[in-house]
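A short write-up of the structure that comes next.
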2 protein chains.
Amino acid sequence: MKRIKLVVAYDGTNYCGWQIQPNADTVEKVLNDKLSKLLGEEIKIIGASRTDSGVHALGNVAVFDTDSTIPGDRFSYALNTLLPDDITIQDSCEVEKDFHPRHCDTRKTYEYKILNRQFPIPSKRFDSYFFTYSLDIDVMKDAAKYLVGEHDFKSFCSARTQTETTVRTIYAVDIYKRDDVVSIKVTGNGFLYNMVRIIAGTLIQAGTGHYEPIKVKEMLDSNDRTLAGPTAPPEGLTLVEIQFL
Amino acid sequence: MKRIKLVVAYDGTNYCGWQIQPNADTVEKVLNDKLSKLLGEEIKIIGASRTDSGVHALGNVAVFDTDSTIPGDRFSYALNTLLPDDITIQDSCEVEKDFHPRHCDTRKTYEYKILNRQFPIPSKRFDSYFFTYSLDIDVMKDAAKYLVGEHDFKSFCSARTQTETTVRTIYAVDIYKRDDVVSIKVTGNGFLYNMVRIIAGTLIQAGTGHYEPIKVKEMLDSNDRTLAGPTAPPEGLTLVEIQFL
């Protein structure tokens with residue numbers, strides 16, 4: 001028996017998120033089905049991040065145990081031949097038997113992409129949120145700096161969050177514009193339910209002049225979800241990378 | 001009666017190209033149907049470029065005549081509310097009644113995108129061609145320089161080409177890599193059937209070392225389609241812009 005780690009990329013458009021649930025297509029279900037078919041064993045993967053319905057990934061991580069003799073680095077090739085076009089394995093390797101992707105210290109990076117122009121571009125409709133009103137990037141950067149550091153992010157998570165503590169550390173929020181796409185890249189030690197999408201919704205409101213950047217500090221201090229901005233739609237969000245420390 | 005010009009963007013993935021044909025979804029058909037519905041007249045647009053099945057556009061151009069009193073610049077807004085997500089109007093304006101998008105001197109720019117890495121990325125599968133073998137960009141640039149200028153491009157067009165002459169002028173071929181995507185951007189006064197995709201297929205073969213850059217000159221001189229590279233797949237190709245001179 002050995003434990004294999006997969007780095008998984010997916011276009012979440014047609015999935016009800018990562019986590020298995022009855023009567024729904026999920027990324028976890030597809031991976032379990034294809035791995036079980038490939039290996040002739042019943043495989044149940046453990047995922048690092050349970051991304052939401054419609055959210056994408058370049059580097060989500062999952063592990064599973066198998067008796068297979070396939071070398072760790074060959075699972076990516078073998079599995080990609082079975083997977084649909086909207087899920088691909090980017091890397092695979094054998095890891096320690098006790099490696100658990102949710103019980104490690106991690107550094108996760110998410111990117112939220114906003115297509116900011118007069119009219120939508122069809123080719124970008126699946127992986128960015130179309131927003132037509134002009135965004136002031138400098139104001140967004142000013143607002144974002146209050147989020148960096150260790151804070152209680154209770155105002156920036158959905159009421160559905162179930163965790164012992166809502167304190168998290170954000171290491172960096174980088175905001176930049178390339179062509180018509182504004183990217184908000186957030187790196188932290190962990191994220192609460194809907195946290196990155198609420199950060200994006202809040203920074204978008206700052207960028208349109210809806211409120212002053214300093215307001216973000218008040219939102220954090222209030223511990224009141226109703227004071228932060230709206231939850232931005234899922235199509236703009238991608239889980240870029242998970243580093244295990 | 002007035003003539004309206006539209007700048008049209010589309011994701012060509014689900015269309016059998018631009019031009020109307022029986023029993024197939026085409027961009028021209030959708031535009032005619034939606035314009036006719038919007039205006040209560042039977043509208044038949046005239047397109048500038050009849051892009052192929054699966055090819056995309058950011059800036060194809062079409063014109064139509066109407067008795068409507070809608071101001072020229074409002075057609076983009078009105079039409080976008082009726083169009084499917086994979087077609088959007090980027091601009092609209094009134095033009096001279098004798099403006100014909102295929103009887104003008106133009107400068108057209110196409111971009112061919114190659115996702116060049118070990119494994120595909122799901123979010124890029126609709127607008128780039130996945131190619132796993134390593135490409136040498138500098139060699140591709142060397143090969144491309146022989147294409148610039150006025151040449152007979154008979155070796156670089158499909159046998160289905162029906163034109164008086166196969167002489168065209170290419171003003172520039174720019175090749176660059178951004179993240180994992182190699183872009184080939186070609187600007188010319190006109191392009192023959194499949195010409196950009198054959199250029200892309202040829203430059204990809206140069207980039208893998210399949211032949212020396214100077215070979216491209218021999219291909220041009222030969223006027224023999226069988227000597228140039230293969231026709232690269234349609235999903236990598238986007239008609240970026242048409243300038244009317």
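Using the three backbone atoms N, Cα and C, a Cβ is placed for every residue, glycine included.
These figures come from a predicted structure and were not determined experimentally.
In three-state terms derived from DSSP, A:Asp52 (active site, nucleophile) belongs to neither a helical nor a strand segment and is classed as coil. Taken from TrEMBL, the feature active site, nucleophile applies to A:Asp52.
Residues annotated as substrate binding site in TrEMBL: A:Tyr110. Of all the Cβ atoms in the protein chains shown, 24 others lie within 10 Å of the Cβ of A:Tyr110 (substrate binding site). DSSP classifies A:Tyr110 (substrate binding site) as strand under the three-state reduction.
The average pLDDT computed for the domain 'Pseudouridine synthase I TruA alpha/beta' (A:7-102) is 97. The domain 'Pseudouridine synthase I TruA alpha/beta' annotation in TrEMBL covers A:7-102 (among others).
What TrEMBL records for A:143-244 (among others) is domain 'Pseudouridine synthase I TruA alpha/beta'.
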- [ ] Any same-chain residues 6+ apart from A:Asp52 (active site, nucleophile) with CB under 8 Å of its CB? Would you list them in sequence order, or say none?
- [x] A:Gly12, A:Gly17, A:Asn194, A:Pro234, A:Leu237
Open item on the list: Using DSSP, what is the helix/strand/coil residue split across the domain 'Pseudouridine synthase I TruA alpha/beta' (A:143-244)?
Closed with: 35 helix, 32 strand, 35 coil
